[in-house]
Amino acid sequence: MRRGWKMALSGGLRCCRQVLSWVPVLVIVLVVLWSYYAYVFELCLVTVLSPAEKVIYLIFYHAIFVFFAWTYWKSIFTLPQQPNQKFHLSYTDKERYENEERPEVQKQMLFDMAKKLPVYTRTGSGAVRFCDRCHLIKPDRCHHCSVCAMVNNCIGFSNYKFFLQFLAYSVLYCLYIATTVFSYFIKYWRGELPSVRSKFHVLFLLFVACMFFVSLVILFGYHCWLVSRNKTTLEAFCTPVFTSGPEKNGFNLGFIKNIQQVFGDNKKFWLIPIGSSPGDGHSFPMRSMNESQNPLLANEELWEDNEDDNQDYPEGSSSLALETET
């Protein structure tokens with residue numbers, strides 16, 4: 001009886017958490033819908049008097065809006081990449097693993113299983129990365145999502161390109177609104193335009209656009225830096241450990257190849273939210289495999305280490321960033 005009550009409570013909490021996870025999405029959708037109404041109707045159709053200016057504003061606005069909405073949709077509804085079945089323990093291996101009480105034997109069992117898989121990263125202690133809740137050996141750069149309660153990448157291999165494009169078009173969307181609304185904001189401020197209902201929409205539209213622009217530029221800049229180094233958010237805070245030991249630049253292939261790892265080789269797809277990232281999300285090219293082909297990669301790490309050694313940091317300083325499970 002008690003067990004059934006606990007299961008029901010756990011299921012109810014999981015359902016509530018899933019519902020609450022959509023609240024930020026709903027808020028963003030409502031803000032975007034209001035911004036569309038305020039810009040198209042209150043600014044362009046009511047406030048702007050020049051027909052030519054109206055047409056130009058509306059054409060460029062809708063071009064940006066389409067890509068903005070398209071990338072947002074792809075970021076949210078693209079299903080996360082799931083680990084291949086070969087990473088899951090078989091029924092026999094699962095029984096052996098769970099029945100074994102000695103941690104060192106369990107560790108060796110995972111080592112033996114991982115030899116058959118393209119897995120090169122390890123835990124901080126050097127053990128094979130294993131998910132006790134999903135009963136699978138984690139592919140490289142894969143983590144258990146505490147929100148979805150499974151191993152996946154909510155913002156990761158399958159939709160990271162769309163997420164970056166969404167940030168880029170969001171910045172462009174806010175910048176375009178702010179620059180085109182600013183002159184009418186000044187006119188309302190000086191009293192050159194009649195104080196009608198549109199005034200409050202225009203004033204608030206500029207304020208919201210500027211507020212979101214600042215926060216989005218910071219977030220977009222941070223992820224651009226991550227892409228240039230071929231790092232996930234978690235790898236930026238915790239150095240990945242390989243079979244040979246910790247290596248902070250283990251996946252850094254060089255600036256151009258790092259970009260291609262997210263956007264693909266064909267540049268004509270870089271700005272369009274169409275899947276073009278190479279690979280299957282289970283294994284990734286590593287720096288050690290490319291140094292023999294390009295010796296400059298080995299020298300690049302020495303340059304980066306020298307730059308880090310020569311850079312002074314104030315005592316007690318700290319860095320804060322948004323952490324995304326990938």
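Yeah, the Cβs are placed from backbone N, Cα and C, and that goes for glycine too.
What TrEMBL says about this protein:
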TRANSMEM  20-39  transmembrane segment
TRANSMEM  55-73  transmembrane segment
DOMAIN    129-236  domain 'Palmitoyltransferase DHHC'
TRANSMEM  166-188  transmembrane segment
TRANSMEM  200-222  transmembrane segment
REGION    297-326  region 'Disordered'
COMPBIAS  316-326  compositional bias 'Polar residues'
### Task
For the transmembrane segment (200-222) and the transmembrane segment (55-73), decide whether they are in contact, meaning at least 3 CB pairs lie under 8 A, counting pairs 6 or more apart in sequence.
no
## Note on the structure
Across the domain 'Palmitoyltransferase DHHC' (129-236), DSSP labelling yields 68 helix, 10 strand, 30 coil
### Message
Within the domain 'Palmitoyltransferase DHHC' (129-236), what mean pLDDT does the predicted structure show?
### Response
89
